[in-house]
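The GTP binding site annotation in Swiss-Prot covers 134-141, 180-184, 234-237, and the record cites sequence analysis as its basis. The feature compositional bias 'Low complexity' is assigned by Swiss-Prot to 1-18. Positions annotated as domain 'tr-type G' by Swiss-Prot: 125-293. Among the features that Swiss-Prot reports, region 'Disordered' is placed at 1-21, 92-115. For 134-141, the entry in Swiss-Prot reads region 'G1'. Annotation source Swiss-Prot lists region 'G2' at 159-163. Per Swiss-Prot, the feature region 'G3' maps to 180-183. The feature region 'G4' is assigned by Swiss-Prot to 234-237.
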């Protein structure tokens with residue numbers, strides 16, 4: 001590859017090529033001209049353009065072309081791409097033999113993943129916290145089970161394992177914390193509350209399937225949190241392997257594989273056969289070392305609530321993950337708008353430590369109320385201080401809710417209705433057998449009601465548990481059971497926490513319930529309907545109230561609940577809400593054509609004689 005450089009004098013009046021906003025680096029040798037070489041590969045052309053291979057592959061996908069970093073491109077395609085970066089593609093001179101650029105695989109360095117320096121004293125190495133995410137049936141739980149080397153699914157109903165939403169494993173003398181959060185919604189709620197809850201994300205994709213919407217949703221949340229991502233290509237032991245297709249698609253979302261010149265590790269695994277797990281654990285430790293995760297274990301505890309529920313024996317219980325400091329039995333903590341004295345702590349093995357260190361998950365009791373998943377908790381000096389903090393938080397919440405709404409504008413309301421995001425119905429599904437579960441999943445995937453979406457956050461065999469209720473509460477999900485009988489205590493807990501459980505023994509009844517729920521979520525469509533028109537004939541100034549327009553109704557009917565548009569010489573001066581409609585001194589509901597009335601508007605006083613006020617309302621459009 002040869003670049004035809006020009007001297008500074010020749011280029012002084014010309015601008016340099018415009019580069020993509022997503023460029024990770026700019027090569028010093030990127031110039032106005034590029035000498036085309038048919039042997040140049042995608043990653044080499046990207047270097048010339050001053051962009052990453054991932055950006056160039058994404059551009060090619062937008063053109064409908066699939067390529068990897070080692071693929072060559074036709075000249076017309078290169079010319080099309082070069083135009084965007086103000087680069088001219090020229091033919092090489094016959095006597096020239098363009099030298100080839102050597103592949104430059106970007107190493108995984110601290111510059112990519114460097115954590116902010118911690119200025120606290122007595123900093124010590126902290127175990128990484130890892131979240132496993134992905135589509136509901138691509139093997140997240142199986143991978144967690146395999147890493148933990150216990151059958152969590154089998155022991156959920158009466159075994160010795162204590163489900164606290166997170167657990168630790170040890171590998172090569174290093175501890176790693178895994179969060180057992182089977183849905184990205186709860187993860188996103190934690191991030192939305194300001195919790196840096198996880199250090200690394202494992203994105204699980206089944207190679208016998210493909211990239212699903214829930215896969216991309218999970219990816220989006222991980223990228224928002226700005227954490228390293230490891231792609232686990234699961235079920236490699238099965239036929240119909242679509243690894244290349246998956247890598248190609250995820251590359252367009254800035255997950256360029258290391259073997260293609262990117263920085264994202266793609267690990268082939270079989271969670272069921274426990275193959276490839278050591279490689280994942282090695283990369284987790286590598287990412288942890290690069291991020292230089294450190295905290296001060298000697299200070300007061302701070303961390304995040306992972307799960308919370310109401311236990312019939314212990315009262316409010318919550319799973320804490322400590323992000324800084326240490327938590328001890330007897331500490332006073334504030335968690336969201338709850339507080340209390342830690343009475344007991346348990347880990348996932350039902351051991352009862354008296355102290356929990358950074359990245360350690362523990363299930364605690366002693367809080368006055370059930371906090372929410374994602375709430376920040378921290379230890380305070382005494383109960384009086386905790387009460388004061390919680391009281392102030394609750395007061396601020398009430399003040400926020402009590403704030404008067406801003407002046408209404410009909411066009412703004414219509415725009416809000418039009419741009420409102422499609423609603424989603426979150427579902428947690430439990431069934432008696434794997435066959436029933438798969439049949440229900442297939443039927444639920446086919447449900448279509450308007451533009452509403454069904455998100456199946458969890459699907460598993462077995463009865464409904466306290467863990468399901470806690471997850472349904474935190475993710476605002478509908479909990480559905482097929483051919484199962486939950487324990488009375490579980491149903492009672494769901495009632496206390498206001499979690500709706502639906503149990504059926506006939507599959508189509510479940511589908512009907514879901515469709516009915518979706519139909520109830522459909523928001524009506526509205527349109528603006530003009531109700532009347534008035535002419536301003538007098539202006540009355542009322543102290544402490546403002547100007548009232550004395551009007552004559554020339555068309556239709558004016559109602560006291562209408563919106564108003566003030567016009568002068570065909571120019572719209574104001575759009576807003578009618579505050580008051582009067583006849584003489586009396587408040588009236590409406591004024592008909594040929595009648596007089598007084599109009600007071602919310603936010604407008606500058607009336608002039610002969611102004612026109614057009615009134616309108618929102619009318620529901622029948623489907």
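Backbone N, Cα and C define each Cβ position, glycine as well.
Positions of Swiss-Prot features highlighted on the structure.
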{"residue": "134", "record": "GTP binding site", "Cβ contacts under 8 Å, 6 or more apart": "140, 203, 204, 205, 214, 215, 218, 232"}
{"residue": "137", "record": "GTP binding site", "Cβ contacts under 8 Å, 6 or more apart": "206, 441, 459"}
{"residue": "236", "record": "GTP binding site", "Cβ contacts under 8 Å, 6 or more apart": "207, 243, 268, 269, 270, 275, 276"}
Problem set entry | DSSP residue counts for the region 'G4' (234-237), split into helix, strand and coil | 0 helix, 1 strand, 3 coil
Exercise. Near residue 140 (GTP binding site), how many other Cβ atoms are within 10 Å of its Cβ?
Worked result: 26
For this session: Please give the average pLDDT for the region 'G2' (159-163) in this predicted model.
Result: 42
Exercise. In the region 'G1' (134-141), how many residues does DSSP put in helix, strand and coil?
Worked result: 2 helix, 1 strand, 5 coil
